[in-house]
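Visitor: Annotations for this protein, taken from TrEMBL, read as follows:
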TRANSMEM  12-34  transmembrane segment
TRANSMEM  54-73  transmembrane segment
TRANSMEM  85-108  transmembrane segment
TRANSMEM  115-132  transmembrane segment
TRANSMEM  138-156  transmembrane segment
TRANSMEM  168-186  transmembrane segment
TRANSMEM  218-237  transmembrane segment
TRANSMEM  258-280  transmembrane segment
TRANSMEM  361-384  transmembrane segment
TRANSMEM  390-411  transmembrane segment
TRANSMEM  418-441  transmembrane segment
TRANSMEM  501-523  transmembrane segment
Amino acid sequence: MSTHQETGTFGVWDYLVFAGMLFISAAIGVYYAFSRGGQQTPKDFMMGGRKMTAMPVALSLTASFISAITVLGSPSEVYRFGSILSLWAISYVLVVLITAEVFLPVFYRLEITSTYEILYTGIVIYAPALALNQVTGFNLWGAIIVTGVVCTFYCTMGGFKAVIWTDVFQVGIMVAGLLSVIIQAAEIQGGINKILNDSYHGGRLNFWDFNPNPLQRYSFWTIIIGGTFASTSIYGINQSQVQRYIACKSRFQAKMSLYINLIGQWLILACTVFCGLAIYSRYHDCDPWTSKKISAPDQLMPYLVLDIMRDYPGLPGLFVACVYGGTLSTVSSSINALALVTIEDLIKPHFRSLSEKTLSWLLKGTSVLFGVLCIGMAALASLIGFLLQAAISIFGIIGGPLLGLFALGILAPFVNSVGAFIGLTAGFVISLWIGIGAQLYPPLPERTLPLSLTTDGCNMTDFHHQGNWTTTTETTFSTSTLQVNSTERTPLMDNWYSLSYMHFSTIGTLVTVFVGIIISLLTGGRKQSLDDRFLLTKEDFLSNFDFFKREKLILNPQSYTKEDGGIDNPTFSYTEMYSTAESRKISGP
């Protein structure tokens, strides 16, 4: 029988630790608002004056990519499906290579932006608050409002530099929180070897599965191929990420930020995978989800934390700070990015005579506006609780066609606007068709392949008088639930709608690209001339070897005049800057 005690509750020290994290985040915003190195111009506010170096940007990229949904969701996926998710480490390498060598060279010289993230931001605020509330009693709406207010405050006060440096602080909090869980779990369970041994016997060390079937939820191919497409749609074209690396003072620094960020991604992935294995080792004989101690898998991490850390005041608070560190970094990224896009794309083109002081106030105002909207989206997410997973999936689905659109623009110069528009539309339609179908008609367990979960070790009182569930596994439960409607399922449901969700972005990207190319060829291709700045060229690749030369190509507002097309010209190309540097014989140290 299980001897697990009841989980603890949040105490005073836990609230103090959490409040301390929020206070430091807000203080960083105040510091950059009043320091001499803070934002004095709209360019400083939006992109730190494009003077950032690789290391803080790399940590910020990691922090903004790792949301609270990752901290809570990845361990529960490992608990249910095994450590095959660690193959994301390979996918991350491909994503960074594609982003650094294909998208970054063009975006760095053009400052390309995209906007489609405010719904996801609301979900990022609401989902962890709900999970923590249901397990710890942590005040739901208090956490949502405080998160939104603190993010809005330091984004508005400190601008882009405040966002970057709070991300640096928060990624440290995230790593500390995850490591505290791992260390304490290893202590209680009798060491790391015990956790790995339990995981091995429970089938959780399933690193390799080369089944090529795209309908299987997780395999080597679905994670490497599908994961690469899905993550590239975030790293490659998402405004929050793009804004960070184009804020670096040189393209070399921008690329270095991406490659350094890869180490951070690996570290967070290793921590979340091991947390998932620790959860299984702790509850391998008494699954909290099946035994109704929790109502959803994303509550497993906070449930474990209160179980193993109840005797250590402040440590549960550190974990909550870890979760909300992910939330703050993601939400602040969105607020700052949305404010930038609003000013650059909607206001400046129509009001060209606005002064820098007016633009600065408009940026602050739009930051406040989007902060309020994010809190409002969290409230909307609370009204569509059962659609949260669908909304998150749709966010990924939208990224695929957009990735295809940007790929067409950068890599296929013959594609015309008609082909691009029809390709994008086709990509959206197909992606949404699959995504919505998968939500309405979920794939059978034969496709998702959840690993067994047992309640053999639970006390009878744990079942709340449901004694007929003395031995229950998730696989058996899921099958019995779905067999009622198994005769009604059609080939469309068992094939098209059963496609692994990892491939939603893959399908959206490929459909957009192929349809865009075919329609463009049928309609005569592109007829107008096109500036090479919008395309990926061989010079972009050869520039990787510029560090062998003595020239230092740094985008600096003091180095280039307006006539040269310097900081006052956001579309000033890297090639033009190189030519200017050559003509002036600018040499590095």
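Each Cβ is built from the backbone N, Cα and C atoms, and glycine gets one as well.
TrEMBL annotations: computationally assigned, not manually curated.
Just so it is clear, the model here is predicted, and its values are computed rather than measured.
Distances, neighbours, how buried they are, the whole picture for these features please.
Guide: Sequence-distant contacts of the transmembrane segment (54-73) (same chain, six or more residues past either end, CB-CB distance under 8 Å): 123-124, 127-128, 131, 163-165, 167-168, 170-171, 174, 177-178, 234-235, 240-241, 244-245, 247-248, 253-254, 256-261, 264-265, 268, 272, 298-299, 301-302, 322-327, 329-330, 333, 392.
Counting only same-chain residues 6+ beyond the ends of the transmembrane segment (168-186), those with a CB under 8 A from a CB of the stretch are 21, 24-25, 28, 56, 59-60, 62-63, 66, 71, 192, 194-195, 264, 267-268, 271-272, 274-275, 278, 281-282, 301, 304-305, 308-309, 312, 315, 318-319, 321-323, 325-326, 328-329.
Outside the transmembrane segment (218-237) by six or more residues, the chain places 61, 65, 81-82, 84-85, 87-88, 90-92, 94-96, 98-99, 102-103, 112, 114, 208-212, 258, 396, 399-400, 402-403, 406, 449, 500, 502-506, 509 with a CB less than 8 A from a CB of the stretch.
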Visitor: Is the count of Cβ pairs under 8 Å between the transmembrane segment (85-108) and the transmembrane segment (258-280), pairs 6 or more apart in sequence, 3 or more?
Guide: yes
Visitor: Same chain, outside the transmembrane segment (138-156) by at least 6, Cβ under 8 Å from its Cβ: which residues?
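Guide: Non-local partners: 10, 22, 25-26, 28-30, 125-126, 129-130, 132, 162-163, 166, 320, 324, 327-328, 331-332, 335-336, 339, 364, 367-368, 370-372, 374-375, 378-379.
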Visitor: Which residues of the chain, 6 or more past the ends of the transmembrane segment (501-523), have a CB below 8 A from one of its CBs?
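Guide: Apart from its flanks, the transmembrane segment (501-523) reaches 214, 217-218, 222-223, 225-227, 229-230, 233, 393, 396-401, 403-405, 407-408, 412, 414-416, 418-420, 422-424, 426-428, 430-431, 434-435, 438.
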Visitor: Under 8 Å between C-beta atoms and at least six residues away from its ends: which parts of the chain pack against the transmembrane segment (258-280)?
Guide: 54-55, 57-59, 61-62, 65-66, 70-71, 74-79, 83, 85-86, 88-89, 92-93, 96, 99-100, 104, 171, 174-175, 178-179, 181-182, 185-186, 189, 195-196, 198-199, 202, 204, 235, 245, 300-301, 304
Visitor: Near the transmembrane segment (12-34), which residues from the same chain, at least 6 beyond its ends, have a CB less than 8 A from one of its CBs?
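Guide: Apart from its flanks, the transmembrane segment (12-34) reaches 146, 150, 153-159, 161-162, 165-166, 169-170, 173, 313-318, 320-321, 324-325, 328.
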